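Participant: First the structure, which I've put down as structure tokens, then a few questions once you've had a look.
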Amino acid sequence: MKPSDTRALVLNSGSSSLKYQLIDMAGHDRLASGIVERIGEGPVADHGEALRIVSGELAAAGSGLDDERLAVIGHRVVHGGTRFTEPTLIDDEVVAELEKLVPLAPLHNPANIAGIQVARTLRPGLPQVAVFDTAFHATIPEAAARYAVDAATADRFGIRRYGFHGTSHAYVSRATAALLGKAPDEVNVIVLHLGNGASASAVERGRCVETSMGLTPLEGLVMGTRSGDIDPAVVFHLARTGGMSTDEIDTLLNKRSGLVGLCGDNDMREIARRIGEGDESARLAFDVYCHRIRKYVGAYTAVLGEVDAIAFTAGVGENSAAVREASTQNLRALGVELDPVLNAVRARSPRIVSAAGSRVAVAVVPTDEELEIATQAYSLAAQNRPK
Ligand code: ADP
């Protein structure tokens, strides 16, 4: 890697899509971005074909995969287990370790690995870095990470809270500190990442100490299609009384629950429109969604003791003033007071939307997972530059 090699390519490979972004790290300029969809259906046979399409699109944008200025490829990897708690330079041994983690994330990790393997084939010798969704949560204390189940069983099957969306929680908690004019280790922040998936985290002086997703991304907040928290006995009840199989219950809770389960829509814009027309199931879905967020804000206030800011991020958090309002209503006892006028302003930059007298700042902080992955991957590649 030469000083002129300032470009980082970020790949986020899912089971049926490959998202990419090419970023120039010198000025954080987005040089190209896109998505190849429907991998495995029709013309895009597999991840190898998808990456060749990406390479073509990058070349058309003036900087193909063979560009000498490309310093690193950063790969988003969903589950790092307890083995990977830092961005990691990928070699054969790392890939073998990633394979071992597949049982923990059967829906996500195989696609991540496929993306890594094809990128290594197309650009052998180029540093490739895995950046894990779980990594930021590795600092969560045992008291918060352990479930109260039989310890031997938990250890045998790796059952504990891992947490996800860590790249976003890391980026947003730091950006929130910056918005307050403070260093990350000077503030306590509750981050609410409300996208299609949704999760909350409690970040104490820059270190994550609690998060709402668990062994898998199913736990915690109400999401677009996932239930979030439920009594685990619902699963036994559906199996015994409903005669449902494990796979059917998995699909029910991951794909047919959450907002879509409650009202048939998972897009908050559509839900807001229906509420405007007096639709009761949309109203209920909205209320369940916001009630859950409030509960977590209360719980995480207790976990942190002192809270400097609550940061809303991702599609819903950044755009829905109604969700921000409903989920922070009547929190004066916790020192949280929204400014309705500031909250209603639409903008793309990080901003404070709480009232001047609010002890806890409420902030809207756009997330940028690609930039965070690029930054982490680039810095690791620079450290490992051959002397
Ligand atoms: P992903 O988890 O797929 O990255 P995003 O963070 O992009 O998701 O969030 C997508 C969700 O954001 C959509 O499903 C929708 O509910 C919500 N959303 C996007 N734009 C708006 C908007 N203007 N108002 C309310 N909700 C929005």
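Numbers run from 1 along the shown chain.
For all residues, glycine too, the Cβ spot is worked out from N, Cα and C.
A TrEMBL annotation is a machine prediction, not a hand-curated record.
According to TrEMBL, the record shows the following:
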ACT_SITE  ASP133  active site, proton donor/acceptor
BINDING   ASN12, GLU369  Mg(2+) binding site
BINDING   LYS19, HIS193, LEU194, GLY195, ASN196, GLY197, ASP267, MET268, ARG269, GLY315, VAL316, GLY317, GLU318, ASN319  ATP binding site
BINDING   ARG76  substrate binding site
SITE      HIS165  site 'Transition state stabilizer'
SITE      ARG226  site 'Transition state stabilizer'
Participant: Nearest to ASN196 (ATP binding site) by Cα distance: which of the recorded positions ARG76, ASP133, HIS165, GLU369 is it?
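Facilitator: Nearest in space to ASN196 (ATP binding site), counting only the recorded positions, is HIS165.
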Participant: What does DSSP assign LEU194 (ATP binding site), in three states?
Facilitator: strand
Participant: Rounded to the nearest Å, what's the C-alpha distance separating the residue listed as 'active site, proton donor/acceptor' and ARG226 (site 'Transition state stabilizer')? Just drop the number here, would you?
Facilitator: 18
Participant: Would you find the one among the recorded positions LYS19, ARG76, ARG226, ARG269 whose Cβ has the most company, meaning other Cβ atoms within 10 Å?
Facilitator: ARG226
Participant: Near ASP133 (active site, proton donor/acceptor), how many other Cβ atoms are within 10 Å of its Cβ?
Facilitator: 27
Participant: Quick check for you: of the recorded positions LEU194, ARG226, ASP267, ARG269, VAL316, GLU318, which have their Cα within 10 Å of the Cα of ARG76 (substrate binding site)?
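Facilitator: Checking each Cα against ARG76 (substrate binding site), there are no hits.
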Participant: How far apart, in angstrom, are the most distant Cα atoms among the ATP-binding residues LYS19, HIS193, LEU194, GLY195, ASN196, GLY197, ASP267, MET268, ARG269, GLY315, VAL316, GLY317, GLU318, ASN319?
Facilitator: 24
Participant: Give me the CA-CA distance between ASN12 (Mg(2+) binding site) and LYS19 (ATP binding site), in Å, as a whole number.
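Facilitator: With the alpha carbons as reference points, the distance is 5 Å.
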Participant: Counting across all protein chains shown, how many other Cβ atoms sit within 10 Å of the Cβ of ASN196 (ATP binding site)?
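Facilitator: Total other Cβ atoms inside 10 Å, all chains included: 15.
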Participant: Near ligand 1, which of the binding-site residues ARG76, ASN196, ASP267, ARG269, VAL316, GLU369 are found, taking a Cβ distance under 6 A to any of its atoms?
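Facilitator: Passing the 6 Å Cβ check against ligand 1: ASN196, ASP267, ARG269, VAL316.
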